[in-house]
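Chemist: Here it is: the structure, laid out below.
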Amino acid sequence: MIYSIGLINKSPMLPNLTLGYEIYDTCGDVTMAIKATLRLMEDRSNHTHECLSLRNEYTASARGAKVVVGERHSEISIAVARLLALPLIPQEILPTNVFHDSYEKRLTSLLQTVNESTAEGIVIFTKTSNVRAILEEAIRLGVSRTWIASDSWSTSGEIRSLKGIHTIGKVYGFIMKRNTVPGFEEHVRSFTAQPKMKDSFFSDYLKHYPACPSPTADITPNGQDPQNCSFHDGSATTNCRNIQCLTEHIDQDESYSIYLAVNVVARALHRLLKCDYMKCNRSATFSGREEDEYVSPERDRCLKKAVAFLKWTDGFAVVLAAFGVAGLIFTLLVAALFIKHRGTPIVKGTGGNLCFLILVSLATSFGSLCAFIGKPTDLSCKVGLPLFIISFSLCVSCILANLFQIRVGFAFNAKAHDRLMRFNNPVAIATGCVSIQVALVAAWLALAPPFRQEVSTYRAKVVVQCANGSDAMFGATLSYIAFLAAVCFLFAFKGKQLPDLYKNSSFITVGMLVYLVAWMLFIPVYVNTSGKYVQVVEASAMLVSNYSILCCHFCPKCYIILFRKELNNERVILDYIKKHYESKGVSPVTTDK
């Protein structure tokens with residue numbers, strides 16, 4: 001194991017990574033293996049020495065061990081695997097002590113079942129000690145079958161030398177092709193030649209099993225096992241180890257299996273971390289699951305991510321929809337009221353036919369709110385924002401044209417009046433202003449239109465939302481509306497000096513100021529919002545914009561039409577204008593000298 005890991009660290013397979021290891025001795029016993037596994041699972045991030053929680057997110061834990069290479073024998077590795085698996089399920093485990101009473105009873109029961117069975121072939125896949133116990137019982141009970149031996153005991157001399165083995169029938173065994181670990185024997189031989197060389201593992205080995213001095217007559221072997229490398233030093237009355245035995249009794253099969261296991265781990269890391277011969281991508285993320293799946297809290301299966309979007313039943317959606325419907329109904333009521341009183345001075349002063357165009361654009365803007373609620377589609381994404389931007393631009397353009405017309409009407413200087421009259425075409429002004437916005441939106445839709453986007457970066461949900469496509473084009477369209485609103489604000493602010501019975505300029509000033517402040521606040525909130533609430537922020541800004549026009553531009557006129565009818569009269573307006581200029585000592589009629 002250590003040698004194989006050292007080869008990987010010296011090779012260019014994982015250039016900027018170094019593999020480490022923790023080795024636990026199972027002593028070939030399941031109980032010891034479980035004890036070692038529990039130690040491996042110990043949560044060392046605290047000082048209570050508790051095991052990691054069964055529902056713990058192991059990927060987020062601070063454990064260093066990421067891969068466990070199992071023991072040689074499958075029954076031990078299976079026990080370890082079950083302990084490491086989630087969730088832990090109680091298992092009925094046979095006692096590992098072959099001399100245990102219950103073990104003998106179960107073994108006898110097992111062989112009796114085999115003897116009564118009509119099966120001709122028996123496959124035994126376990127280690128040699130278990131096979132010996134089974135076959136000894138088979139010899140005692142006189143069970144004769146065809147036995148299939150795994151490679152772990154097919155060549156065992158211990159099994160071959162059992163007394164009465166010929167009575168159990170034929171035994172067929174499988175032998176794996178034997179391979180050797182490149183350079184491993186030379187590596188071990190270098191230890192035996194230089195026992196004082198610096199190697200932490202070998203040094204620890206020599207602490208427990210000190211090397212014998214040069215062979216002398218005083219050193220006698222302990223035991224009759226030819227693989228027993230332990231000797232007795234008569235002079236020091238201590239046991240010593242003939243380190244030359246390390247090279248003589250290398251288990252090639254087991255060594256090669258360990259070598260393959262380590263290389264499999266290294267090659268997997270090489271592939272997962274996208275390593276080249278210079279470096280590995282240590283921040284690489286990988287998963288065997290689909291993008292719309294996530295790992296369950298128990299980490300035993302993949303669950304489908306919930307699809308998140310602004311549903312119609314969502315609290316925010318209900319509030320937005322309620323304000324949107326209320327605004328649309330109010331707009332239609334205002335339109336009906338203005339149609340009924342379209343010949344009155346106040347309707348003419350609001351822009352005449354342009355005021356109906358403003359109301360249509362407001363109704364369209366309120367209607368576009370539907371595209372922001374519900375599961376987004378490519379069509380709803382392409383319609384929502386562009387429709388609002390064009391309709392609201394038309395609304396502001398018409399207000400700007402109306403303010404310019406009022407400005408021209410009160411320009412009493414003949415030269416100034418003549419210059420302004422050249423541009424006094426409200427329809428042309430509104431059309432020209434909105435045409436620029438239409439061109440910007442058309443370029444946006446042609447080059448990088450909004451689209452439906454699924455964001456799967458969240459752990460347990462996939463957020464379906466509308467992406468802008470081009471943030472630059474989105475910003476350009478909003479900037480143009482802000483420019484129109486700023487111009488309207490300046491015209492309305494300057495118009496406060498003019499005679500205004502209905503305080504039209506003051507209300508428009510407030511309306512445009514509310515719009516500008518709302519969208520100034522929108523930008524930081526929009527940038528710092530994610531998920532389905534992005535659409536909530538956009539829809540809220542739209543509602544504030546629409547209501548700023550509806551309340552500040554139309555509500556005062558509706559109040560006068562319904563409750564102050566005496567002010568909706570041309571004679572009253574003319575008298576107010578006359579008194580306004582007379583109070584300032586200025587004649588409303590001037591001549592150019």
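Yeah, the Cβs are placed from backbone N, Cα and C, and that goes for glycine too.
Owing to the predicted nature of the structure, the values given are computational and were not obtained by experimental measurement.
Here's the feature list from TrEMBL:
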| type | residues | note |
| --- | --- | --- |
| DOMAIN | 316-568 | domain 'G-protein coupled receptors family 3 profile' |
| TRANSMEM | 315-339 | transmembrane segment |
| TRANSMEM | 351-374 | transmembrane segment |
| TRANSMEM | 386-406 | transmembrane segment |
| TRANSMEM | 427-447 | transmembrane segment |
| TRANSMEM | 472-493 | transmembrane segment |
| TRANSMEM | 505-527 | transmembrane segment |
| TRANSMEM | 539-562 | transmembrane segment |
Chemist: So if I exclude everything within five residues of the ends of the transmembrane segment (386-406), which remaining residues of that chain have a CB under 8 angstroms from its CBs? That is, six or more out.
Modeler: 349-351, 354-355, 357-358, 361-362, 364-365, 368, 371, 420, 423-424, 426-427, 429-431, 433-434, 437-438, 441, 444-445, 450, 477-478, 480-481, 484-485, 487-488, 491-492, 495, 498, 504-505, 508, 542, 545-546, 549, 553
Chemist: Counting only residues 6+ away from its ends, which parts of the chain sit with a Cβ under 8 Å from the transmembrane segment (315-339)?
Modeler: 347, 350, 355-356, 359-360, 362-363, 366-367, 369-370, 372-373, 533, 536, 539-540, 543, 546-547, 550, 554, 557-558, 561-562
Chemist: Grab the same-chain neighbours of the transmembrane segment (351-374) for me: Cβ-Cβ under 8 Å, and only residues 6 or more beyond its ends, written as numbers and ranges.
Modeler: 309-312, 317, 320-321, 324, 327-328, 331-332, 334-335, 338-339, 380-381, 383-384, 387-388, 391-392, 394-395, 398-399, 401-402, 405, 426-427, 430, 535, 538-539, 542-543, 545-546, 549-550, 553-554
